[in-house]
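A.B. asks: Quick paste from TrEMBL:
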- 152-333: domain 'Malic enzyme N-terminal' (DOMAIN)
- TYR175: active site, proton donor (ACT_SITE)
- ARG228, ASN483, ASN527: (S)-malate binding site (BINDING)
- LYS246: active site, proton acceptor (ACT_SITE)
- GLU318, ASP319, ASP342: divalent metal cation binding site (BINDING)
- 343-596: domain 'Malic enzyme NAD-binding' (DOMAIN)
Amino acid sequence: MNLKTKMERTSKSFCHWQRKAFGCLIGRRERKISGVMESTLKEMRNGESVLDMTDERGVGGGVGDIYGEDRATEDQLLTPWSFTIASGHSLLRDPRYNKGLAFTEAERDAHYLRGLLPPVILSQEHQEKRLMHTLRQYQVPLHRYMAMMDLQERNERLFYKLLIDHVEELLPVVYTPVVGEACQKYGSIFRRPQGLYISLKEKGKIFEVLKNWPERSIQVIVVTDGERILGLGDLGCQGMGIPVGKLSLYTALGGVRPSVCLPVTIDVGTNNKHLLEDEFYIGLRQRRATGQEYAELLDEFMSAVKQNYGEKVLVQFEDFANHNAFELLKKYGTTHLVFNDDIQGTASVVLAGLVAALRLVGGALADHTFLFLGAGEAGTGIAELIALEVSKKTKAPVEEARKKIWLVDSKGLIVSSRKESIQHFKQPWAHEHEPIKELVDAVKAIKPSVLIGTSGVGKTFTKEVVEAMAALNEKPLILALSNPTSQSECTAEEAYTWTEGRAIFASGSPFDPVKYDGKVFIPGQANNAYIFPGFGLGIIMSGTIRVHDDLLLAASEALAGQVTEENYEKGLIYPPFSNIRKISAHIAANVAAKAYELGLATRLPRPQDLVKYAESCMYTPVYRQYR
Ligand SMILES: O=C([O-])CC(=O)C(=O)O
Ligand SMILES: [Mg+2]
C-alpha cells in the first residue's frame, strides 16, 4: 500500500474513531486537508508512527469550529462530524500546536497562515521573554494566574517553557498559594473547561463522559471531589483548579506529556453555604451527597476509568476530606493503581526532609520524638511513613516505632484514655498519657525534637509554642505544612525570630528568605510537588501496576539524596526547585527500580540506566517544526 493510501485509511479510521469516541467538531476546507495530509505524510516519512501522530494529533487535529458546511455531506450536517488536521485559523486556535508568532515563513506558507499573523517572526525564547515581561507587570497574583491559564489555553508549549524555565517564580502562581484563591473565585474567573466535570447528573453515563475528552490514551488522572481544598475547606466543583494545577506540574516538573494527563472533578454538591448562595458558582447547587449515593458515583467513575484506559492509568486522589480519603485509598488500593497525594505524597516529601535534616540536627530518625498538630490525611500519613522507615532501619516492629510519634487534633493530644471515640486512622497514635488540651502543654510534656503542623489551620504555632520548642532543642525542627500561606501554622520569619535563628524550618507554601540578626535564612518548601511528578513518571515509565509503601520510601530516599553539601551549608533540607527536572528523574528512577525489585513493574526489559531512561521519557516544551 503506498504511503498516501495508508495515510488516507488512517485518516478515515481515525475519523471513525473520533466520531465514535470523541465527538470533536472538526471541519475544514478540502484544500486544507490536502495541505495537512502532505505535512503528516512527511512526518510519517520522517519516522513518526501513526500512533505517535494520532496521539499527539500530528500537526493539528484539535477541536475546531465547523467551517466546512459547504463541503459537508448531508450525513455530516445531520450529525456534524468530520475529520481533519488543523491548519490555518484553527491551527492558531489549537493550544497544543499553536506557536503564535513563532511560525516560520515556510510554516506560514504550508499551513495556510499567511495574513493571519503579523509579519514578524519571533523565536520561542523571544516570546518567553515578552510574556515574562508582561506577567511581571501584574501586581495582583490572581491576574498572573489568569494570564498563565490563558497562555496554557492558547499555546501549551510556550506555557510549559515558561513554567520550566522560571519554575521558582511561577510555581507559586500556578500552584499553591495562588491556586487556592483561584479555586475560591473559580466561578468568576472560569473561561474554558480545563478538565472533566463529573457530577451526579452524569451518573450512569460516566463511561461515555470519559469518551468526550479529546484524548484517548490517558496515563495520569488527578481527581478531587473538592471537599477539602488545601486548608480552605469545601470548595465544591471549584476545586477543579487543583487537578489542573497538579497536572501542569506533572508535565513541567516530571516531564509527563500533557496529552496523557486528565484533570477530573467529581461534583456531588457542596456544603459551603457561601458558594451555594454565590450567583457565579459553577457546580451543583445542592448539599453534598453522601453514603451510598456518593460511593456509587465514585465506584462508577473508578470502573469507567479502568474500562477506558486500562489497568495502568495512575489515579491520584487529591484534596478529598479525611473521611473519604482513607476509605477510597483502602477500597481501590488493591484493584486500581491509586495514589493519595495528601496522605502518601506529603508523607514521602516530609520523610525526605527529615532524613536530610538529620545531617543538620544529628542522630538517627529513631532518636527523635515527633509531635504533630493535625491528625488527618497528611499528619497520619507522615507519621506512618516515619514509623515504617524507623522500623526498617532499627528492625523494631512498626508498633514500637510509633511510640515516639504523637499527634494532637482539635480535642488535644490523642491518648488511649480519650473518652470520645477515636477515628480508625488515629487509633495507632493513641498512646498512653494523661489528656492534654493545649498544643503548648503537649510540647512541654512530650518534649519533641520535631514539630509538624498539618491541621490546615493557620497561626497555630504561636510564639509560646515555638519558644517552647526552642527551649527544648538546640536546633528545633519546625515544619508548618498547611496550605495556602494564609493557613500556615507560622511564618518563616516567626520561626526564625522566635527561635533566635536556631530553627530548621520548612513550610507547605513558599516563604521568602528572612533576614535575622544580620544573617539570611532560606526556608525550605516541604510540598508534595517535589514527589508526585517524579513518582508518577517512575510508575508510568516502568508500567507499575500498584502503589506500594516501599515505592514511597524509594521516592523519599531519592529526594533526600538530591540535597547537596552546598544546600546543607545554607541550612536547607530540600534541594532548590530550580533543579526539579533532574530531581524528578532521580525520583522516577528510584521508584521504578524498587517497582522492578518488587515485581510490580510490567514494562520489560528493565532499562539498564533508569535515570537516563527517565530523562529520555521526559516531555520538552521546545516547539516542533511543522513541515
Ligand atoms: O497542593 C499543595 O500545595 C499541597 C497539597 O496537596 C495540599 O495542601 O493539599
Ligand atoms: Mg492536596
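Including glycine, each Cβ sits where the backbone N, Cα and C put it.
Unlike curated records, TrEMBL annotations are generated automatically.
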A.B. asks: So if I take the recorded positions (ARG228, LYS246, ASP319, ASN527) and measure from each Cβ to the nearest atom of ligand 1, which come out below 6 Å?
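C.D. replies: By the Cβ criterion, which requires under 6 Å to ligand 1, the hits are ASP319, ASN527.
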A.B. asks: Of these recorded positions, ARG228, LYS246, which scores lowest on Cβ atoms within 10 Å?
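C.D. replies: Lowest Cβ count within 10 Å among the recorded positions (ARG228, LYS246) is ARG228.
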A.B. asks: Inside 10 Å of the Cβ of ASN527 ((S)-malate binding site), count up the other Cβ atoms and send me the figure.
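C.D. replies: Total other Cβ atoms inside 10 Å, all chains included: 25.
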A.B. asks: Please check the recorded positions LYS246, ASP319, ASP342 against ligand 2 and give me the ones with CB under 6 A, sequence order.
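C.D. replies: ASP319, ASP342, by Cβ distance under 6 Å.
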A.B. asks: Round to a whole number and give the Cα-to-Cα distance in Å for the pair ASP342 (divalent metal cation binding site) and ASN527 ((S)-malate binding site).
C.D. replies: 10
A.B. asks: Hey, what's the widest CA-to-CA gap across ARG228, ASN483, ASN527, the (S)-malate contacts in the record, in Å?
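C.D. replies: Binding-site diameter by Cα atoms for (S)-malate: 17 Å.
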A.B. asks: Where the residue listed as 'active site, proton acceptor' and ASN483 ((S)-malate binding site) are concerned, what is their Cα separation in Å, rounded?
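C.D. replies: Distance (Cα to Cα, whole Å): 14 Å.
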A.B. asks: Closest to ARG228 ((S)-malate binding site): which of the recorded positions TYR175, GLU318, ASP319, going by Cα position?
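C.D. replies: Spatially nearest to ARG228 ((S)-malate binding site) by Cα position is ASP319.
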A.B. asks: Can you tell me how far the Cα of TYR175 (active site, proton donor) sits from the Cα of GLU318 (divalent metal cation binding site), in Å?
C.D. replies: 13
